[in-house]
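**Student:** Have a look at the structure that comes next, please.
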Amino acid sequence: MTYSKMEVKTSLLDNMIGVGDMVLLEPLSEDSFLENLKKRFDHNEIYTYIGSVVISLNPYRSLPIYTPDKVEEYRNRNFYELSPHIYALADEAYRSLRDQDKDQCILITGESGAGKTEASKLVMSYVAAVCGKGQEVNKVKEQLLQSNPVLEAFGNAKTVRNDNSSRFGKYMDIEFDFKGDPLGGVISNYLLEKSRVVKQPRGERNFHIFYQLLSGASDDMLKKLKLERDFSKYNYLSLDSATVSGLDDAANFRTVRNAMQIVGFMEDEMQSVLELVAAVLKLGNLDFKPESRCNGMDESRVKDKNDLKEMCELLGIEQSVLERAFSYRTVEAKMEKVSTTLNVAQAYYARDALAKNLYSRLFSWLVTRINESIRAQAKTRHKVMGVLDIYGFEIFEDNSFEQFIINYCNEKLQQIFIELTLREEQEEYVREGIEWTNIEYFNNAVICDLIENNQNGILAMLDEECLRPGTVTDETFLDKLNTICAEHQHFESRLNKNSKFLNDHSLPHNCFRIQHYAGKVLYRVEGFVDKNNDLLYRDLSQAMYKANHSLIKQLFPEGNPAKVNLKRPPTAGFQFRASVGTLMGNLQTKNPNYIRCIKPNDKKAAHIFTDSLVRHQVRYLGLMENVRVRRAGYAFRQAYEPCLERYKMLCKNTWPHWKGPARQGVEVLMTDLQVPAEEFAYGRSKIFIRNPRTLFFLEEKRKQCLEDLATLIQKIYRGWKCRSHFLLLKKSEIVVAAWYRRYAQQKKYQKIKHSTTVVQSYTRGWQARKLLRELKYQKKCEEAVTTIAAFWHGTQVRREYRKFFRANAGRKIYNFTIQRIMQKYFLGLKSNLPSMSPIDKSWPARPYSFLEGVHAELRRIFHLWRCKKYRSQFTEEKKAVYEEKLEASELFKDKKALYPSSVSQTFKGDYLEMVKNPKYQKLSSAIDEKILLADVVNKINRANGKVGSSPRLFLLTKKSVILADQKTGQVKTSLPLPDLSSVSTSTQSDGFFALKLKEGSSSAVKGDFLLSSDHLIEIVTKLHRISSLAADREKLNVDISDEFLVQFKQDKVCVKFIQGSPKNGNSVSCKRKNNRLLEVSVPTSP
Ligand SMILES: Nc1ncnc2c1ncn2[C@@H]1O[C@H](COP(=O)(O)OP(=O)(O)O)[C@@H](O)[C@H]1O
Ligand SMILES: [Mg+2]
C-alpha cells in the first residue's frame, strides 16, 4: 500500500491490476471480461472503465477510497490519469459543466442492491466537496445532501436484495451558477412502490419510516399520535424482518427529523406528516364484518370502532362519514347518483386503496415540499447536473405490474445508453476528422416499442381494457395481449396464437413473458388492471377532503365536491409512460455519464464474486457490446501531449525533449517505431489506436525502455557515487597526511627547542656562577680594604683625640649619672608615697642597693612626719583620753585578758552623771574636789566572798577614793590616795581588783578592799595616772597575777583565780574557801 502511495501516477496504465479500461482487454471475450472484473474485484479495485463508462461492483463493505485525501487526488486530474474511480467520472462531469458550459447527466443503472443509490450519493458528495465554498453555498449543499435521508426514510425499505432498497425512482437536477457554485436542485420521483404499504413479500418489510417512528419517537409523541411502540400491534407491519441488523431505526429517526429541519420543514409540518404516517398504521388495523341486508346482500361494517375513532381524531375526520364510505359507494352516472353497498372484500380493498393513496400522495407531497426548499431562487440561466438513481431491472419469482413498469423504464434507459454512446462515439470521430465505420449491436428499440407503442403496445392495451365498459378482468387483458402481440419476437404466452409455447410448462396460463434486453421475465397478469386503474372510491376521497387537517385536504383535491370531474383520472401506466418520456427527453439534451452498477453476489456479502450472476448482468447491461462499439473503429485514443510525454523515450528524436508541436512529435515517434499505418489514425487533437495490441506494444516498449533507462541511470549513478566516494577518500587522505606531517614536525621541533633551552640554560648558569664568584671575590677584597682603612682611620683618630678624653670625663659622667638616678628616684618616690594613715606599713621597694640607708631613713622620716601630722589634729581632751589609753596599754597590754576588750571603749569617767543626777546632789556637794571617775562597783564580802550583795558608788578624785552607799549616797569609806600601796588584778578577763592599803595607815583598819567593776581597766589606769602625776608621792604599783594576797582585818587571804567550770554559766563566781583562800572562778571566755 505504502509503496503504491508513494508512486506518482500519471496514467491509468501505471500499476494496473488486470486492465483498468476494458477497451484494452486482449483478447476480448466474455470470459476474459469476467476474469478481469474478478481480478480487479479481488484486489479491491471495484471500479473499471469502458472508455468513459464506469463499471462499479458493490463491495458490500466500506473501502478507504472515499477519504478527503482521495477527493483531493482526483480533483482537477484528467479522466485517464489515475486508476478508475467514481470520483474521476464526477470530476470530469463537474469540470465539463463548469468549464465547457455543458449540462450533464449521470445515469446510474443496475439491479436492485448493485449500489446505485450509494453511487449517486458519492457523486453528490464529491461535487459538494470540490465546488465553491461560502456560507450561502454551504447551506445549499447541506440542504441538497440532507434531502437524501428524508426521502430514504419514506421511500426506501428492506427487500431481500437490499436492506436499503429505493422503492421509487429519483432524478435530481443540481443547479449551478456560472462559477460552478451550487444554487439549488429539483427532485423528480417516479412511481413509488405503494403496494408495499399494505403488504410486503416474505423477508421484506414496510417503508423505514414506520419502524423509525415506532422505535425512535418519545413516549409523549407516541401518545399524541395514539400509537403504541409494539410493531406487532399493526397489521401493515410484517413481523418476520421488522428489525434489520445494522439498521438503528431509533437513531435514524433522529437523523430524519434533523434532516427535515435542515431542509426547512416547519415543526407543524413535521407533526402533520407523522400524523399521516400514524393514520396509515391505524387504517391497517380496521376490520370489517358482514351484515345481512333485507335484499339478501351482505353489507360490510367496521368491526372494532376504536381504531377508526382514533384515526378520525388524528386526522380531524368525522367518524360517521368515513364509516359510511367503508359501507357504501356512490356511482355517478349521467347526473345521477346511485349508491351501492360494499361487501367485506370491497371494504378491505377500499381500506388498502386509501392507505396506499394516502402514503403515496404524502410521499409526492414531501418531494414537492423539499423542492420548494431547495429549488434555486435566482431566475438566471444556470447549468444543470442531473443524477438519475432509478430502480434497477427486477426479476422476481412473482412479477407483477410494478416489475413490468420498472423493467420498461430500464429498457428505455438502456436505449438511451445505446443511442448516446453510439452518438458520442460518432461525434468524436467527426470532431477528430476520422472516418466512421458502422458497428453491429443489439438495439432494444423493438422491446420498447412492444411496451409503449400507442396503438398496440402493452400499456396502451391495458389502458384500453381499463376504460372499456363491461366486465374487465386481468384475464380479458391477457386474452387481448395474446391476440395482438402474438407475432412479436419478444412476447411469449401459453395461449398465444403462435403455438410455439403451447407445451412450455415454465410458462403458466395466467402469465405472459417478455424477452427484455436483460433477460426473460415472467409476469403474472393478476392485479394489472386494478393497479393500472389505481382507483380510490370517490366517497373516500371526499371523506378525506372534508378532514379538518390541512395536509390531508391538500392531498385529496379531487374530493372537493365543487370540482366534480366525471372524467377518469389517467391510469398509472399512462402517467408513468408520460413521465418516462419527459425524463428521456430531458436526458437526451444533456451530456451523459454512465455508472453501471453490478452486484457481485446475492448474499449482500463482501469478497464474494458469483461468476454466473455477474456474467448475467454483464450480458444484459450490454457491456460487451459497449466495449465492441468503443473498439469498433479505434480502441484507444489519447491527446497528443500526454501521448508524446508518455512514449517520447522510445525514439531518439523525441528524447529527452521534443521542441516542435506535439502532433509532429507523435508522428515522428510512430514512424520511428514502424507501427503499421493501418493501426492508427491522426485525429485533430488525438491519436487513435486501432488495436489494443498496438497500445500494449507501445507500453511494453516503454517498460523496456524505462528499464534500460533505469539501468543507465543506475549505472551512471553508481559510477558517480563510487567516483565521488573515491575522490572524497583521496581528498581526505591528503588532508590526514598533511595534518599528520605537521603534527610530527611540530613534535620534533618542540623536542629540539626544549633540548636547546636546557643546554643554553646550563651554559648560562655556569657562566653566571663564574661571574658571581669573581664578583664576590672582588667585593670581599673591597670590603677588606675598607675595614682595614676604617680601623686604620679609627686608630689614627683615637690616637689624635685621646688627650681630650683623659682628664675629668669619668667623674663628670659618674656625677651626672648619679644625679639623674637620684632625680629619678625621688620623683618616683614622690609619686609612689604610701597613704597618710600612721598604721600603713607599706613602702615602695628600693631601686638600687646603694640607696639602702637613704631609703630606710626616708621611710622613718616620712612615718614620723605623718604621725606628727596625725597628732596635730587632736584637741587637749582628746589628747588626755589618748594618754590615758596609752597608759592603759602600757599597764595591761599582753598582761591581762580583759584588756583587748577595753581598747574600743572610751574612758567616760563619770558614768553616774553626778552633777546632773539629783540623787547624788548631796553626795557631790559633800565632796569638794573634782570627781574624776564615778561608777558603781561591787564590793566582795570579806567574810564569805559573796559578790553583789552590797554595790557601792566608787568615786575618784585627785586625792582620794570614796566608796558610798549606792542607795543613800552616804559616804562609807574615803581612802586618801597616799594610803594606797598597790592595786592587784588577775591576768584573766574578770573585773576583780584589790585596793591594797599601806600597813599602818588609818584606813587600813578594816583591811584591803576587794572590788569588782565593769570598768576595771579605766579605774586602775586613772588611779595609776593620778598617783604618777602627783609629784609628792611614790608611784602606785599595779600587780597583775592570778594569785595575790589581801589583808582582811587580821587575816592574810590569798585570792586565787581559776578557770571556771561551765556549770557556773558566764558569770564570775567568788567563794571564800577558808581563812586563807578566796577562789574566784572565771569563765574561759568572756
Ligand atoms: N461503494 C460502496 N461501498 C460500500 N458499500 C456499498 C457501496 N455501494 C453499495 N454498497 C452497499 O450495498 C448496499 C446497497 O446499495 P444501494 O446503493 O442501496 O443499492 P441500489 O440503490 O442499487 O439498490 C448499500 O446499502 C451498501 O451497504
Ligand atoms: Mg437504490
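Yeah, the Cβs are placed from backbone N, Cα and C, and that goes for glycine too.
Keep in mind that what you see is a predicted model, and the values were worked out from it rather than measured.
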**Student:** Under TrEMBL, which of the candidate ranges 580-602, 902-924, 948-970 is annotated region 'Actin-binding'?
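**Tutor:** Result: 580-602 is the stretch TrEMBL calls region 'Actin-binding'.
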**Student:** Identify which of the following binding-site residues, namely Gly113, Ala114, Gly115, Lys116, Thr117, place a Cβ less than 6 Å away from any atom of ligand 2, and list them by sequence position.
**Tutor:** Lys116, Thr117
**Student:** Taking the center of the Cβ atoms of Gly110, Glu111, Ser112, Gly113, Ala114, Gly115, Lys116, Thr117 at the recorded ATP site, which other residues in this chain have a Cβ no more than 8 Å from that point?
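**Tutor:** Not counting the recorded site residues, we get Asn58, Asn162, Gly392, Cys597, Lys599.
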**Student:** For Gly115 (ATP binding site), just count the other CB atoms lying within 10 A of its CB, please.
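**Tutor:** Around Gly115 (ATP binding site), other Cβ atoms within 10 Å: 25.
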**Student:** Over all shown protein chains, what is the count of other CB atoms within 10 A of the CB belonging to Ser112 (ATP binding site)?
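**Tutor:** Excluding its own Cβ, Ser112 (ATP binding site) sees 22 Cβ atoms within 10 Å.
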**Student:** Sequence gap of 6 or more, Cβ distance under 8 Å: name the residues on the same chain that satisfy this around Ala114 (ATP binding site), in order along the sequence.
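**Tutor:** Expected: Ser56, Asn58, Gly392, Cys597, Ile598, Lys599, Gln617.
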